[in-house]
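**Student:** Encoded as structure tokens, here's the structure I'll be asking about.
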Amino acid sequence: MCADWNNNNNVELWREDWARVNNKLFKEKGLKIRVDHRSYERQDVNRVPTIHEGYGARLRAKNGKECDRIEINRYITNINEKIKGYENDIHKLKNEMIELNRDMDVKMKSGREEISLERPKSSYKTTDSGIKEILKELKEKLSDKANKHLRVDRALIYVDKRKIKTDNDIKVIRSQLSTIRTDYGNRIDAIDDYINRMNSIYDNILRKSREVNSLENEVEELGIFKFKQKKYLNERIEELKNEINEFKESEFYQKNLKYTDKLDELKRERKECLEVLKKCDNENSILYDIETLSKDNNKLIGNLNNDKRMILILR
């Protein structure tokens, strides 16, 4: 039995026994968690397996010293968390699609909600009136539902906030929004490029470190003989370690910061940039409404009344 302690079949049996004992205890305690001794691949689970750390590596990390194996496992853990997040997002999207289709079916069956507009008592004057006055007059002419549908209130609030009086004010704001959008769009591209390059560096380090780990195990299994084969393996190990060190000299390798901390920092910055872009898009949408409502108000009201047109209100 002692001679077979490193036999793969025995290791598999011991792991299976260990999992069975743990799962029995979990069940007795009423816990839902379970242990599976099989590899991720055999479980058909989309996860990256961590590498063996060992006591020495954990001790170095505990003493605050840099350790490749610990850092690599942190990187792997982060990858697995992202994979899990993607799976959750996919599951959530599927549920949302089911709900959306269900809502659409209900709306299709219930039909359209129709409203009619009263004929305006007088035509609009657009030549001498400011944008704010035009929007106020338009709001008075429309019913509450039509007002909501055409987003007149939103336009009025924005006009006050931005102190918009003329078409030229709108052009100036559009130019400012365009500049902001370009700057933040470029920043997002730069962040994405940095993340991709950083991931490439860590992927290479991970792949080569695994190869080193595998070759070192081969060397140990060769024992004290087979010098020529051991020499070749050791040379390859040294070559891989040099390549790993070269990757660590890259500007995208985090020497003074954990990979996960740097990634979180970049993600936060990217999220902030996206929020700015979203605000720009929202403002551009409001500006479009203001232009449409202020320039085409006569045509808008005339058509809606003369043709008895019906407006679909989307809830």
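Backbone N, Cα and C atoms are what each Cβ position is placed from, and that goes for glycine too.
TrEMBL: automatically predicted annotations, no manual curation.
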**Student:** Suppose you had to name the range TrEMBL annotates as coiled coil; which of 6-40, 76-110 would you pick?
**Tutor:** 76-110
**Student:** Given the model, what does the mean pLDDT over the coiled coil (76-110) come out as?
**Tutor:** 66
